[in-house]
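Here's the structure we're looking at; comments come further down.
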Ligand SMILES: NC(=O)C1=CN([C@@H]2O[C@H](COP(=O)(O)OP(=O)(O)OC[C@H]3O[C@@H](n4cnc5c(N)ncnc54)[C@H](O)[C@@H]3O)[C@@H](O)[C@H]2O)[C@@H](O)CC1
Ligand SMILES: [K+]
């Protein structure tokens, strides 16, 4: 499922109209019909009090269609035109004329905001057709006040295409936006659904096909980001030959650990094991061996010389003699003077196997990014926004405000594969971008990132291509967090619960495949 920004959506719709020949009025009719049908399905009782708020642009035009279809089906919605009727243009004007010529009831702004508030107080369902993809900047008077009124009421809010006030491209809410329970997006979800404030205002979202198939984006040679759907995540999992032996399923190696962080590498190595690798090996500083050995049952363990609880940088060659098929560097590694050299040394000794760099591994690599482009095998980086800020020399706020572009350009510039973690995690390669639609607060805990590293490394070790491994891992990780929150509460989820839930989720995905 592709994701569009404002300009791409306009170009695709223009193409559908001009080159394919479906008129804007037809598109609007289909769009409005689709949402009216959803409302009628959810609310079969025609006495339900529905209010439709209609704005001045084409989003408002959709609102007129929804209202007309509801009237036709025996409902009696309150329809409010929140714009000067003289200024309506194009298809929206046509819909307004159909509405008034049909003598369907319509409230105008002259009736006053207090009268509108009276209507809102009695409403059970609110259809938000005020502003769509065309919103620019902060919402102006009086719509900003109306949106605040809408948000203060407790009815079911259905947003047409996008909640009014949410920026389609950036996901930013400048001053105010409708807080929707349901958003029905036409043709494709919009970028803003996944960025900044978007996830907190869109509610549950669904795409409605209005006879503009997303495939038109390919005709126009657009390289759009895609949603990691359940089907895509399933298809991205490595295939498992039924008669394979443990050598078939790869060997994951996790370089990490230090005196303050003994749990991190264990989480990564255990996760790899739970996600299908034949063998999982921990490479740790020898001083932490007793603690790690006492907590670890699944992974093989190798130790390297250490000093003050960290690797000294010596002995890398010995740790890599196994038939390793993927390497993770960083979980719990900490910061120490020899870190950059250690990373160089590990990468220098690898034989084109995929390498995942996370946590302080990213800190040690930040001043030698050329190393990544030079390496002949695939490189996967899994930064959270703070680590991404370190890698790019920006502030966390700058990274968060421009996640998608920053991830895309970093991946292309350094020829790496990137998982930019966050509430809606982004996967970027030099060739494509994907957005994970899942994830919750249960994942926001120390150790959760180490689990994700273990998942990516596991799938790479089993032979998945980097984009497949990243998509499968971020989806599995987030779905496991959601599952764990159901089983253990949002407060109580630990990394071990995420690992345990990942088996449930993998079982469901296996069943789908
Ligand atoms: N283009 C098409 O073919 C189709 C468009 N559709 C609908 O059209 C929408 C886009 O329509 P438009 O491009 O007309 O734009 P919108 O209807 O989203 O908004 C444009 C109107 O909002 C006003 N406006 C913009 N920024 C504002 C602000 N900050 N404060 C207050 N008012 C503001 C503008 O003056 C303009 O009148 C989509 O979201 C979708 O709902 C659908 O009907 C399907 C077909
Ligand atoms: K809207």
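Note: Cβ is positioned from N, Cα and C throughout, glycine not excepted.
Unlike curated records, TrEMBL annotations are generated automatically.
Of the residues 386, 393, 449, 454, TrEMBL puts just one in the AMP site with 421, 422, 423, 424, 425: 449. Residues 59, 128 are recorded by TrEMBL as K(+) binders, and the candidate that the same record lists for that site, out of 23, 164, 200, is 164. Residues from the binding-site residues list (58, 133, 136, 161, 422) with a C-beta closer than 6 Å to any atom of ligand 1: 58, 133, 136, 161.
Pairwise Cα distances among 421, 422, 423, 424, 425, 449, the recorded AMP-binding residues, top out at 14 Å.
Taken in sequence order, the binding-site residues 59, 61, 164 that lie near ligand 2, meaning a CB under 6 Å from one of its atoms, are 59, 164. Summary of the AMP site environment: with the site residues 421, 422, 423, 424, 425, 449 set aside, the chain residues having Cβ atoms within 8 Å of the Cβ mean position are 384, 385, 420, 426, 436, 439, 443, 474. With respect to residue 425 (AMP binding site), the closest of these binding-site residues in Cα terms is 384, chosen from 58, 133, 161, 164, 384. Separation of the C-alpha atoms of residue 58 ((6S)-NADPHX binding site) and residue 421 (AMP binding site): 35 Å, rounded to the nearest whole number.
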